[in-house]
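Chemist: As annotated in TrEMBL:
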BINDING   B:Cys336, B:Cys338, B:Cys341, B:His367  Zn(2+) binding site
DOMAIN    B:13-400  domain 'tRNA-guanine(15) transglycosylase-like'
Amino acid sequence: RSALSLKIVSECSVTKARCCKMTLPHHTVDTPVFMPVGTQGTLKGITPEQLEELDCQIMLGNTYHLGHRPGPKLINEIGGLHNFMQWKRCLLTDSGGFQMVSLVKLSEMTEEGVKFVSPHDNSVMMLTPEKSIEIQNDIGADIIMQLDDVVSSTTTGSRVVEAMHRSVRWLDRCIKAHKRPDKQNLFGIVQGGLDAELRTECAKEMVKRDVPGFAIGGLSGGEEKYHLWRMVTLSTDILPKHKPRYLMGVGFAVDLVVCVALGCDMFDCVYPTRTARFGRALVRSGQLQLKNQRYVADMRPIDADCKCLTCRNYTRAFLHSIVTHESVSCSLVSLHNIAFQMKLMSDIRQSIREDRFPQFIRDFFLEMYPTKKYPEWAVDALDSVGVHLNDEFIQ
Amino acid sequence: MMRFILSKVTGGARLGLLTELQSLSSSTTIETPMCMVYTRGGIAPFVTKDLLAKIANLPKVAHVPLNTLTRHHETAAKFENGLKDFAAMHDFIVYSCVQDSTEQMPVFQNDKTTIAVWGRAGKQKVTVDEYMRIQESVKPDWYQALCDSDANKDSSKKRLRKGVERTLNYLDECLEKHNKSERLKASALFGVLEGGFQRQDRVFSAKETAKRPVAGFCIEGFDNFGPSAEHFQVSDIKHLIKDLVMELPADKPRMMPGVMTPDNVLEAVNAGIDIFDTAYPYFATSRGCALVFNYSLENESSEENKMSIKESPKPFQIDLNDDRYTGDFSPVLEGCTCYVCQRYTKAYVHHLLVTTELLASILLMIHNFHHYFGFFEEIRQSLKAERLDRLYTKIHAQRPKTESSVTKDNDLG
Ligand SMILES: [Zn+2]
Ligand SMILES: [Zn+2]
């Protein structure tokens, strides 16, 4: 009865990576997929049509922001966020809880929900699991997220235990409150901090609930990558194969490649568009700070192989001359950065389909780290799924 | 080298054709009256190339003010086709000029040997040598001679006379360097007419400039550009313009930057101006406003639209920042065929403005360009069909009656 179907197209014969077709009400999404974040019903200076041309299949909206402006009732009245922003493909909304905790200073978790002082009119308000789902039902995204009890990923002790159990209880309340399961897919979020036992327990509890998909939450804070990959791989071992796994808040190229190998299907991150605003363009070897004087007469495009509008038309030198001065430069660099993320994911998918993902990983790392000074966590993580970056003899 | 063919004159208004634009494909011609796309350093404000290409009646001329070129020209010089290669603007004729009609011109900053322009690097003083070196790098299709246009209604006679003289001297120096330049061989040089509101100086400036081998004329020096130019009324100087264009040969185009509202554009067209810029739609966009004046002689605008223009603090536009649009699911302008009005509601644009999202300016710039370019197309069609007076009446009727406009004569005169 869910509005999601996941068909596994190929599986990597070495790692846990897989390639799927995820059919949602508005579009069929190829996974592993990167989802750009369009916080307030728009993605920084890019039109939905341009996004479609870049092969973006699903994007995010933020419930906290959209719930405040223009408000759920208005979005519902115009026929949902899809209609309001004229985006024909898939949308995912978060629960609003994470931003509540990170943006609103005075917030407090109670069993009922997140109690907070509105930064707009100073009134005391409450975001309950029911309220979050009600707003998300009004917004109408293809995938909606449960309200979870968010604690900082570096928190330890009883608060993490409480948050984990509460998140499970809140999932039940969200399932009950969800009014449109035939049109929108509610995902549970695995919590449990950096504690393997708690994560395991949470994942097992969540799996008992018949929701269309699961997210791995609470790992995009300041935690060391050492912990991140262990929590991820532990979660994907427990989560059912026939349901999508969404790793929240992860979007750096290296993290994407590793976490795909660990079995994740969906990712989101504000980084590609946020960094564009500061004139930083993503390339396979890292990033170019276009403001830098070294580009003043650099007649190459950002990336000679990139097919985006920016790379087809402009040199680094021209972008250098307008970057951070003309707002259109923000659109141009964003277009490229989204194209970069989309190309990376499509290369990953193709290599999985052709069962050469391990080789893709080795090539990717060599291009990013030509001196082979690979980050230790990535070496360990990949070792755990059978890809040995430092082993010269395995090709 | 560009040629101008005058095809029809009605009253003072001229229908013309710019041809032999070798940088565009040989068959391409440009009809006048027309306006140029405003660019900053060769790129349109807010709107990327692919979206710009979707705008109907997009003019094929891009206007590049000096202040937006401060960091470009040295690199542009490395390209065979200068800025056109550097800024990827091959589908445009490039017009390079001294002052930016969207920026307030510095007052009393020019001296005997330098002209001041305001850019993002602050005030910049340019000598003739530097100016011509920049033009050689840019390699425009047309450009303006260096000029002292720092003049307005209150300028003293002495200051105006000085501006006229300096501008003529600059023109002679520019012509000399132009003729020696290999790179500027195919570029057309426009002379600039000064003289503020002084008839005598204006006529002198026109006469003298017309004696020089220039490809066209640019009429400046009525105000200091920037937002103040919105209060400038062409009707105040239409007799002055008529007198000075008498001194100009008919077969050369005349340009007037910084003319804003549609009623002013029509006054200027009627006084014999051929080429305009797009400072007005740019200003409207930067304020969050949409141009909504009705220039269609077939369609009456809806009552609702008429109401919202009437209540708007600015004539001819609506302010989408206004909370009244929060739940307004109608397009920015009912009946508009632009990319934006075919897709988005006022409520969405209002939301983007309230949340200071970049897409607000992008969408408004597209609609405002579309609307303004469409207005110019209507001017050309009206000239062909001898109905410019009807267009004038229609536009004038939409102007809210203020004290200054009531006292003005209401005809094409
Ligand atoms: Zn690119
Ligand atoms: Zn429109």
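Glycine too: its Cβ is placed from the backbone N, Cα and C atoms.
How buried are the listed features, and what sits near them?
Modeler: DSSP classifies B:Cys341 (Zn(2+) binding site) as coil under the three-state reduction. Proximity of B:Cys341 (Zn(2+) binding site) to non-local residues of its own chain (separation of 6 or more, Cβ distance below 8 Å) is seen for B:Pro331, B:Val332, B:Leu333, B:Glu334, B:Gly335, B:His367, given in sequence order.
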Chemist: Out of B:Cys336, B:Cys338, which has the highest number of nearby Cβ atoms, where nearby means within 10 Å of its Cβ, if these are the binding-site residues?
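Modeler: Of the binding-site residues B:Cys336, B:Cys338, the highest Cβ count within 10 Å belongs to B:Cys338.
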Chemist: Compute the centroid of the Cβ atoms of B:Cys336, B:Cys338, B:Cys341, B:His367, then list the same-chain residues not in that set whose Cβ lies within 8 Å of it, in sequence order, for the Zn(2+) site.
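Modeler: The surrounding set, listed in chain order, is B:Pro331, B:Val332, B:Leu333, B:Thr337, B:Tyr339, B:Val340, B:Gln342, B:Ile366, B:His370, B:His371.
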Chemist: For B:His367 (Zn(2+) binding site), list the number of other Cβ atoms lying within 10 Å of its Cβ atom.
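Modeler: The Cβ of B:His367 (Zn(2+) binding site) has 28 Cβ neighbours within 10 Å.
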Chemist: Suppose we screen the binding-site residues B:Cys336, B:Cys338, B:His367 by Cβ distance to ligand 1 with a cut-off under 6 Å; which survive, in sequence order?
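Modeler: Checking each Cβ against ligand 1, none of them comes under 6 Å.
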Chemist: Within the domain 'tRNA-guanine(15) transglycosylase-like' (B:13-400), what mean pLDDT does the predicted structure show?
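Modeler: That region's mean pLDDT is 93.
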Chemist: What does DSSP assign B:Cys336 (Zn(2+) binding site), in three states?
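Modeler: It is coil.
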